[in-house]
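Asks: Take this structure, written in structure tokens, and hold onto it; I'll ask about it next.
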Amino acid sequence: MILGHLGYRTVCSAKEALQHSGVRHCYTGTRKNLYIDKNTKVICQGFTGKQGTFHSQQSLDYGSQLVGGVSPGKGGKTHLGLPVFNSVKEAKQGTGADASVIYVPPPFAAAAIIEAIDAEIPLVVCITEGIPQQDMVKVKHKLLRQSATRLIGPNCPGVINPGECKIGIMPGHIHKKGRIGIVSRSGTLTYEAVHQTTQVGLGQSLCVGIGGDPFNGTNFIDCLEVFLQDPKTEGIILIGEIGGNAEENAAEYLKQHNSGDNSKPVVSFIAGLTAPPGRRMGHAGAIIAGGKGGAKEKIAALQSAGVVVSMSPAQLGSTMFKEFEKRKML
Amino acid sequence: MAASMASQAVAKGLRIATSKHILLDKAKCTWLSPRRWLNLQEYQSKKLMQESGVAVQRFYVADTASEALEAAKRLNAKEIVLKAQILAGGRGKGVFDSGLKGGVHLTKDPAVVGELANKMLGFNLTTKQTPKEGVKVKTVMVAEALDITRETYFAILMDRSFNGPVMVGSPQGGMDIEEVAASTPELIFKAADQIKRLYDLFLKVDATQVEVNPLGETPEGQVVCFDAKINFDDNAEFRQKNVFAMDDMTEADPTEMAAAKWDLKYIGLDGNIACFVNGAGLAMATCDIIDLHGGKPANFLDLGGGVKEKQVYEAFKLLTADPKVEAILVNIFGGIVNCAIIANGITKACRELELKVPLVVRLEGTNVHEAKRILTESGLPILAADDLDDAAKKAVAAIKK
């Protein structure tokens, strides 16, 4: 993670960090920061705003370790019984925070992410929807060339380890500690998957909403690696949608890393089979552009990697349950 | 070789571009939902390009036949091209209800421009890409016609695999770019200059794509962008007010426009089961599952996370006003969204609008029990569903009755 106390930090040159194959040496090392737990200390950027206040209170009610927040100009004050700081750097120094959640409006959100990267916060979760794509391209440029901070989002519901830590806007009460890792581009479809896996008794180990924007900090592969290496995660649900090629890349990754006897069951749903081409379906990243990014191709790619694709979003829990039955994992 | 010369010019442009610092206005800002589907007319895109120093054919716009005639004279060009300005493509082969055939005409005589404009302006132009009744032409472009000796394709777009802008070029006519560089190297430099300006434009207007087709060479050795399609990042509307103010909404779907006014993400489809959902992924999935069970969705609608009761009411009003809607499916999984707010909005709307079609409601999540109570006690004929499968099946069955 951060080797700051030794006075040095691994710095990759752009060449090392980005090979032709697109493998990112520096940034991929931060994947482990995704796995939050009851010890994760969280600060909130945009702490005293309406969204920040509401969700911070929800977070505290859930039992997450919220330790303070950032609101420029309001440093020194108290909010929800917690200290307010003027900057992320000061907040980290004052609280020892491991993670930050950002509820900052679109015109200023990219700057808030960059501030957190500069302060070397290990995990940054940006909830904001509506950040201009150009801004996120610049954020990503910086993100990929460092190895301290992992970004989730933007335009995402956040990440939750049920019963231990909730960073984001998901309804805590539908979750149950358990065996399924969930990664999704859609917030409400994640809730469907969570609700169903809770109902069939399997529960969730870690749920990551990677968000609906075209340029974001964490993709399917980042989460799949964590899930495949986590002994507590015995099954994986992957929820995708039209636009881009993240699902196809995930399928390739699964072919290489999740085949054979020790493979974990992966169940998937891809939204947008009925979406008209050329239109943005709500999410900035959900668009079939130039004939590419359709749901049919994604489904085919995932199926060829051994993923069980459900045609109905209401059958994710039952489909995973059947897979567990087949493999005598119940 | 030529590619590296062009890319060096481009790289220089890139370095200049990324060092620009965007100063943000720290005024109070609410989380506005951006308008969807910005469409510019050809003359508006070309005006943006001109402002960024990109070479386009000299042109004027005209709203009357006499203006068109004056413009043609003012151009003082060897040949003039007259183009009807509508958003849809296929103009060249279109037909006007004045009887005039073709939405694009070439002539050397300004008087002819005036006569033709008379048969275009105020009339409907029907093309393969317009609705049957065509689109009314309110503006024409009068431009200097230029010969193209060589056509190429060039585009700049935001690409997820490359984590940012990429440039795509395609030389046409089987000519090697190296051959062009060897015989007419100055053309490569001129193209590189155009490319840099197009890239500056791409950044300046927060475009997600600038597509130039064709990027052409004239007999005189000019490099000109003959046509361009620019796609804009809706998320950047707050800082691109001038660009978005140019939005010509006359050819847009009136329901989509009305929905945008209430910050609702609505896209019209051609079925008869209206959808009312929170969350883009769930909204897409709702359309998918209706189709899976043999029905046809009438629309995509994402209410968003912070939806208020007034928006619920207005959304319901929009859906029920659509004559082709024969059933409504409400599918809400409340995270931030409080189900009780949805229930109140729906019952109010149903009472005031005298609901005439079957209504299937599936609610889950925050405050769901309170919401279900509100719906039951309303006494309205609402079909309750347990999950998304159940809801879709009930909606499809309700129409068949």
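Each Cβ is built from the backbone N, Cα and C atoms, and glycine gets one as well.
Predicted automatically and left uncurated, TrEMBL annotations should be read as such.
Relevant sequence annotations retrieved from TrEMBL are reproduced here:
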- A:35-131: domain 'CoA-binding' (DOMAIN)
- A:Thr48, A:Gly49, A:Lys50, A:Gln51, A:Lys74, A:Ile127, A:Thr128, A:Glu129: CoA binding site (BINDING)
- A:Tyr191: substrate binding site (BINDING)
- A:His283: active site, tele-phosphohistidine intermediate (ACT_SITE)
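Describe the structural surroundings of these features, if you would.
Replies: Mean predicted confidence for the domain 'CoA-binding' (A:35-131): the pLDDT average there is 97.
Cβ environment of A:Glu129 (CoA binding site): A:Pro106, A:Pro154, A:Asn155, A:Gly212, A:Asp213 lie under 8 Å away, each six or more residues apart in the same chain.
In three-state terms derived from DSSP, A:Tyr191 (substrate binding site) belongs to a helical segment. Here A:Tyr191 (substrate binding site) comes close to A:Met170, A:Pro171, A:Ile174: these same-chain residues lie at least six apart in sequence, with C-beta atoms under 8 angstroms from its C-beta.
Sequence-distant neighbours of A:His283 (active site, tele-phosphohistidine intermediate) (same chain, six or more apart, CB under 8 Å from its CB) are A:Asn155, A:Arg185, A:Ser186, A:Gly212, A:Asp213, A:Glu241, A:Gly243, listed in sequence order.
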Asks: What residues, ordered by sequence, lie under 8 A Cβ-to-Cβ from A:Ile127 (CoA binding site) and sit at least six positions away in the same chain?
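Replies: Those within reach of A:Ile127 (CoA binding site), by Cβ under 8 Å and sequence separation of 6 or more, are A:Gln51, A:His55, A:Val101, A:Ile102, A:Tyr103, A:Gly153, A:Pro154, A:Asn155, A:Cys156, A:Pro157, A:Gly158, A:Gly168, A:Ile169.
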Asks: Which one is it: of the binding-site residues A:Lys50, A:Lys74, which Cβ has the fewest other Cβ atoms within 10 Å in this structure?
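Replies: Comparing Cβ neighbours within 10 Å for the binding-site residues A:Lys50, A:Lys74, A:Lys50 has the fewest.
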Asks: Sequence gap of 6 or more, C-beta under 8 Å: which same-chain residues meet both conditions with respect to A:Thr48 (CoA binding site)?
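Replies: Correct list: A:Gly69, A:Ser71, A:Lys74, A:Lys77, A:His79, A:Val84.
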Asks: Name, in order along the sequence, the binding-site residues among A:Lys74, A:Ile127, A:Tyr191 with a Cβ closer than 8 Å to any chain B Cβ.
Replies: A:Tyr191
Asks: Per DSSP, A:His283 (active site, tele-phosphohistidine intermediate) is which: helix, strand or coil?
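Replies: Once the DSSP labels are grouped into three classes, A:His283 (active site, tele-phosphohistidine intermediate) ends up as coil.
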